[in-house]
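The next block holds one structure in the form of structure tokens; read it before the comments.
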Amino acid sequence: MAAITFWVRLDLRRRWRSLLVLTLLIALAAGAVMTALAGALRGASAVERLLDRTLPATVEVVPNDPEFDWDVIREMPQVAAVAETAWTRYYVDGQASEQPVPIGVDAMRTVERPVVLEGRLADPTQPDEAVVTSGFVETSGKGVGDSVILALYEPDTLEALWRDPDLLPDGPAVEIQIVGVVRSYLLSDSALDTRGILVPSAGLVTEYAPNLLGASGAVAMMSGLVRLEEGGDAIAAFAADLVRVTGRSDIDVWSHVDSVEYEQSITGFESNAMLAVAVAVGAASVVLVGQAIARHTTSATAELEVLRWLGMTPRASSWAAALGPLLAAVIGTQLGGAASVVASQWFPYGAASWMEPEPGVDVDLRVLVPGIVGVPLLVAAGAVSASWLAQRSSGSLRQSAAVAGAARAGFPVPVVVGARFALESGQGSRAVSVRPALLGAVAGVSGVVAALIFSSAVDDAIANPARYGQVHQLEATLGFFGEDVVSADEMLAIIAADPDVVAVNDSRSAVAQHAEIQITVYTLDPVGTAIDAVVTSGRLPSRSAEIVVAPYASAAGVAVGDTIELTGTRATRELTVTGFGFVPEGVQNYYNTGAWVSRSEFDSLFGEFMFHTAHIVVREDADPAAVLARLQRAAGDDEKLIQPALERSSEGELRQIRRLPVFLAAFLTLLALGAVGHTLTTAVRRRRQELAVLRALGMTAWQSRAVVVTQASVPALVGVAAGVPLGIALGRVLWRYYADTTHVHYVPPAAWPALLLVVPLALLAANLLAAWPGHRAATMRIGHVLRAE
């Protein structure tokens, strides 16, 4: 023990700089791994933790009737609470807003009660108070205590908005004070709306009802947030009872449980990706920091050989050599743990950050305790193993078949020697492990290719609305609630006659009931050429009694070929599912929450339509804005019934998702560069005698450089050969997983751009890594090396 203590003191005095660097490396590595792991765990649970604290709405009921009696729903046995809201339009500090306005005292109290991040909730009796989300504070620069101006419409102007959406507010301007910053599932920011949310007090509607609901009270879309006693398990019984007590099967019931599951699928993907980043950082740390630990321990073991002659046992020698790295690990891990706690204020990442009920610093003992205890133990085990191997390294030389083949084929000597350095470990004190370089190169190339493939798919989805089923660029409002506002036949004929219009669909829509879900049903009724509706499996309906359903509708457990029962306002029908696909975005539905039927089947199900729209597909090389202006002139469309297609962009969400594979690829690339670079420098140092002998036999300095370049190029070529197909497969699997999870139409992303970029970059990186070791090999003092030998 005295000898070990003596050695540790001596080692600390002599190598304190290298141990300090090692401590910082371990702190950086351990901190990064613990930060990523804690962020992944925090993000995975964010939605669930938020729901546990906020009395979330289970469903949202949209009766499309301003006179609807909400007490009927309140008295239903499944219902715990109901909060009425009105979707209307007003301006906030000069910017249009169409956020819901609460009616009555239940909103944000008995239903969707938000977490208060700062301040308090708005008083429902005061018309001049509001709460906001964090996104609103960030974008507007206004928070608790600040005021905003709400510009309202005169009642008659509000009534005319549907005909001319460009009308500006001409009613009262109300000064509203922000009294709180809140967060719940529905009151949360997202990448889809970067401006944030402002929710006025219910007192605003009480004071300015005509300016928010219109002169008739029928302008705003009224909805009710309903919290069921048994949550999602009661939706089926609630939907069936709703039809019974109201006598209507066309009332929209939007399941927030489905929306939550969708959100959790996104946060789950992000958490899994963050977990993969943690694993990649850990692997890179094991290789890079492990090499530093091995170098320090091996050097110390060689110097301890003197004490071995004085009676120190091999075990004591190994522990003496490992104590320096162990001390560095103990201190470094604690520093890394502290850094991860500080970094937790920027986590969770992505969509989960908008759902986190307790943003800010978080101490996750599930990660910190195992990390602070486990990393020093891992370092100690690695250091002792490295010392033990250094004491016993003799080994036998394993020859590579590829190197032997290159020699028999007559390849130049520098190529053969460089390949041998890259593929054969050597033996004794000259041994250099080559597997980390080969495996690191494969991991780096596959990670970069996978990230490029995934990013390419994301770019395609951002640029191509068809990936979300939106194949049309324009749409025309023809009527609603069973009455056309224009002559539909004349309008459709004018639209179809335009030379840049390639397809028009006469889309009628209404809501039907299937089991516990409501489905917005569209007619597939082409005017001339049919639109190319996106079908993910099966085929479109071609006759009566057939239906194509969107992904959420298919979640009820149906498959292609099954028969489902659909209840409309006219009849209950049995329809055969011919496929799954996407539908147009509408006021009542998203692209993944509807169905297609033929015109004849629609007429059998419904007495009248709820909305009547023409979906217009423009020629690919035409300018939709120019076509829109031309159609409006041709139709005499002073009321602007023809508009750009409704599109709910997912660009922000996709861009958030794209960063995670890039992070993963960055760490895998670091792993590859570190592994190959370490192998090159170590090989030149440990095999300098072999190079010196070859130089003495006539090898030139440039040929010595060529040896190192070849040694670097072999792992790069192995990485390309094995990593490119692995990366293509991994990138496509990741995109398939994300597409299936979030209902994006999967199209295999192209691989050739990644190939054109990765292959030359891999070889360039290998040559750059070889530059310094190659210079050392070319400029070594041959006589000095041979005399030392």
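Cβ from N, Cα, C; glycine included.
TrEMBL entries are annotated by machine, without manual review.
TrEMBL lists transmembrane segment for one of the ranges 19-40, 437-458, namely 437-458. The residues of the domain 'ABC3 transporter permease C-terminal' (663-778), classed with DSSP into helix (H, G, I), strand (E, B) and coil, number 102 helix, 0 strand, 14 coil. The average pLDDT computed for the domain 'ABC3 transporter permease C-terminal' (663-778) is 85.
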